[in-house]
Amino acid sequence: MPESAWKFLFYLGSWSYSAYLLFGTNYPFFHDPPSVFYDWTPGMAVPRDIAAAYLLQGSFYSHSIYATLYMDTWRKDSVVMLIHHVVTLVLIVSSYAFRYHNVGILVFFLHDISDVLLEFTKLNIYFRSCSGSHHRLHALVADLGCLSFCFSWFWFRLYWFPLKVLYATCHCSLLSVPDIPFYFFFNALLLLLTLMNLYWFLYIVALAVKVLTGQMRELKDLREYDTAEAQSPKPSKAEKSLRNGLVKGKRF
């Protein structure tokens, strides 16, 4: 629960800020994706509001690499999650350094909304059985949150992301800047991000199948191990005494 609460607060704030940049300012990137490369020049100045978003996201994903290894609960997809954090951090740092920051704001906006809904749903799943009793309100909110999360993942990450980001970086970038540097490097990382989104979408489909066929009566995170098969990321000589949500083997 502490892990999901922290991630929910971060993603809610970061997504709200990227939404403000795209819809509350004069940046036309969402409605006109090719504009991310208009007037692009090497070493161009990065606006302070965009630089602030990059500082926020870069700090979070730097911490997330450490947290995935040593703090967060180890899940079935933790290895893929670790790869995702490394790829994301490389994209953040390199896109800022080579001034592809306009694309970055679109990527932040299209990805963070799903994480907001995911962590919100998980919080309500945890609260559903809080204090040894069943809370119907949290169960209902969790069901609605799950539906919203499934829709947002498909619409934002698997539809809008290729339609707006990949279209701009793979096609429009060459029209605006024919000799644009690091073209294959950045697009390879963005395509890898898309493949990981498809991988996690399989978990979403599996969850939907289990619910619709009656194999699962209550929502739960399919990525999490059962208590009997709980694993740790790496065996160590001295077991870590403190983890996110765990203290000396006892859960808060």
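Cβ atoms here come from the backbone N, Cα and C positions, even for glycine.
According to TrEMBL, the feature domain 'TLC' maps to 1-213.
According to TrEMBL, the region 'Disordered' annotation covers 230-252.
Look at TrEMBL and you will find 9-30 (among others) tagged as transmembrane segment.
Same-chain residues lying 6 or more positions outside the transmembrane segment (50-71) and placing a CB less than 8 Å from one of its CB atoms are 3, 10, 13-14, 17-18, 21, 78, 81-82, 85-86, 88-89, 92-93, 96, 101-102, 104-105, 108, 233-234, 240, 243-244. The annotation transmembrane segment is assigned in TrEMBL to 50-71 (among others).
Residues 42, 46, 51, 54, 57-58, 61-62, 64-65, 68-69, 72, 104, 107, 181-182, 185-186, 189-190, 192-193, 196, 199-200, 233 of the same chain lie 6 or more positions beyond the ends of the transmembrane segment (78-98) yet place their CB under 8 Å from a CB of it. Feature annotation from TrEMBL assigns transmembrane segment to 78-98 (among others).
For the transmembrane segment (137-156), same-chain residues at least 6 beyond its ends with a Cβ under 8 Å from one of its own Cβ atoms are 110-111, 113-114, 117-118, 120-121, 124-125, 127-128, 130, 197, 200-201, 204, 207-208, 218-219. Taken from TrEMBL, the feature transmembrane segment covers 137-156 (among others).
Under the heading transmembrane segment, TrEMBL lists 183-209 (among others).
If one looks beyond the transmembrane segment (183-209) by at least 6 residues along the same chain, the residues whose Cβ comes under 8 Å of a Cβ in the stretch are 77, 80, 83-84, 87-88, 90-91, 94-95, 100, 107, 146, 149-150, 153-154, 157-158, 161-162, 165-166, 169-170, 173-174, 215-216, 219, 222-223. Confidence over the domain 'TLC' (1-213), given as mean pLDDT on the 0 to 100 scale, stands at 91.
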